[in-house]
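Taking it in order: structure first as structure tokens, then the write-up.
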Amino acid sequence: MRTHYCTDVTEKLIGQTVTVAGWVNSRRDHGGIIFIDLRDKSGLVQLVADPQDCKDALAIAETVRDEFVLIATGKVRARGEGLENPNLITGKIEIILENLVIENRSRPMPFDINDEKVNDEIKLRNRFLELRSKKSFDIFQLRSKATIQARNTLDELGFLDVETPILTKSTPEGARDYLVPSRVHAGEFYALPQSPQLFKQLLMVAGFDKYFQIAKCFRDEDLRADRQPEFTQIDVEMSFCNQEDVIKVAEKLIYDIFTKCGKNVPSTFRRMKYSEAMEKYGSDKPDLRFDMPLVDVIDIFANSTNEIFAEIAKDKKNNRIKALKCKNGDNIFSKRQMKSFEDYVRKFGAKGLGYFQMKEDGLKGPLTKFFSEADLEEIIKVTELEVGDVVFFGAGAKKVVWDYMGRFRLFLANEMNIVPKDAYEFLWVIDFPMFEVEDGRTKALHHPFTMPNVEKYDLDNIEDLEEIESIAYDIVLNGTELGGGSIRIHKEEIQSKVFKLMGISQEEAKEKFGFLLDALSYGAPSHGGFALGLDRMIMLLAGTDSIRDVIAFPKTQKAQCLLTQAPSAVDEEQLKELSIRIRKTVVDS
């Protein structure tokens, strides 16, 4: 039927007869001669319906409209002088129609597929039409290339591709599970996996040594621009390894994928301890495409006559006072703008935001009256201020200060337009805390199967659980967490201790994780691994701001598929088979 894709038709084929197929991108009638731009996945080619060559083809071309599906046969000829289109691969030739078939017609389009300003809801309701755009096809071609390279690299390194179950057991991994009711076991539920974590560990216990999977994962969590309820990750696990071994594999994999996709990236990445990332950048996923570190000034502010600062500075363990220098900020932002920045940080828990302006005769601003000349000079010194700079200050509980000052750092950089768009800055964040305590509850920062640094910490004799470090690592790219992993617990007694420290009783541990504890008692090897978020990786490679652009049929931020109207109600008979009854809540008006 088809002999060539549209962009395969070049000057080399002049004089030959070809058959192409695709969609009408545009149609133009020039005084009895009709020009059609035909589009397929490769691009565009111009068709010409001329009555001197084929009246039948012209008659059909007169009825053609945008997005009709055509099969066209004709002879390739060079375009006339001055008629070439340098913006097209096929811009030097055209196809003179000898036969034209309308394979299918199209209703008028609800939107222009190349108009990026179209309402998201309209595009998602007609996602199959949006996917016709060149931008969409290029993204999925990139995704396919990256996925194939991932498989090839891991295969070359001796990893075995193994599929793990989709219907599994509900276990606490942080987010809520998607539950699937069982018809056979009334009142019981499967859970869709948040990750293949436990199964890949069991494969290491089984002796598979090296495993990988392009895995579908599901999490019922609040959505944002870089999250979806179902997502894909490149999942990797290996036996008899340490952190260095795992990082080498991950760097090789990332390097190969990015190189295959035409990006120039280093083969090894810099590293930073979690504590340094939080103190210097207020984030465990810092964007290092620009500098602007946070500077600790709590000792200087301890001397302040401002009672609030002085009180905060008394507790250096739990509080922070951070300075953020804005280069040439005094010439970029007005006083009104600088005052408005306080509204921004208040959204993230800040109680205020102070600032100094560096003038020719020293620091100026409403806070200077609370400091001695010596302390003001010290602020200039530690923040390396020059005339025209502005320095902002955040003070309070350390986690709150880290969060809002880290966000403010990114906000300022974008306001100043100093973030290079075409740079790729990778970073390993290492030595994460094993636990975090919130509202009196102890949670694993990564997951409870991560190996704590037992060589450095005695789990039986520790007062502050948040001091315990784990052998965990995240890979960050341009301020986005691309993935992460850890060395796993491979001894049953350590896993039981971790559960106990988290407040999980022996009975609960046995009920939820008995299969894992059993497996660890049968000679489990040391093992570790990582997972890379494929969707996020493609989002960064493609330079798009939304993860929805890189998923063929994505959900909205309300976890709905507008195309298929999922989730949807099911009939009573189906519910009855599943022993489920929907309880309707009546709200009094």
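Numbering starts at 1 and runs along the chain as it is shown here.
From the backbone N, Cα and C atoms, a Cβ is placed for every residue, glycine too.
So that you can see what the record holds, here are the features copied from Swiss-Prot:
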type	residues	note
SITE	H30	site 'Important for tRNA non-discrimination'
SITE	G82	site 'Important for tRNA non-discrimination'
BINDING	E173, R219, H446, R488	L-aspartate binding site
REGION	197-200	region 'Aspartate'
BINDING	R219, D220, E221, Q228, E481, G533, L534, D535, R536	ATP binding site
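Between the alpha carbons (Cα) of E221 (ATP binding site) and H30 (site 'Important for tRNA non-discrimination') lies a span of roughly 56 Å. Counting neighbouring Cβ atoms within 10 Å of each of the recorded positions (H30, R219, R488, R536), the lowest count belongs to H30. Of the recorded positions G82, E221, H446, E481, L534, L534 has the largest number of other Cβ atoms within 10 Å of its own Cβ. Across the region 'Aspartate' (197-200), the prediction's mean pLDDT works out to 97. Calculated from their C-alpha atoms, the gap between G82 (site 'Important for tRNA non-discrimination') and L534 (ATP binding site) amounts to 46 Å. Mapped onto three states, the DSSP output places R488 (L-aspartate binding site) in strand.
In the three-state DSSP scheme, E221 (ATP binding site) is classed as coil.
Annotation note: L534 (ATP binding site) sits in a helical segment as assigned by DSSP. Using DSSP to sort the residues of the region 'Aspartate' (197-200) gives these counts of helix, strand and coil: 4 helix, 0 strand, 0 coil. Ranking the recorded positions H30, R219, H446, R488 by Cα distance from E481 (ATP binding site) puts H446 first. Between the CA atoms of H446 (L-aspartate binding site) and L534 (ATP binding site) there is a gap of 19 Å, rounded to the nearest whole number.
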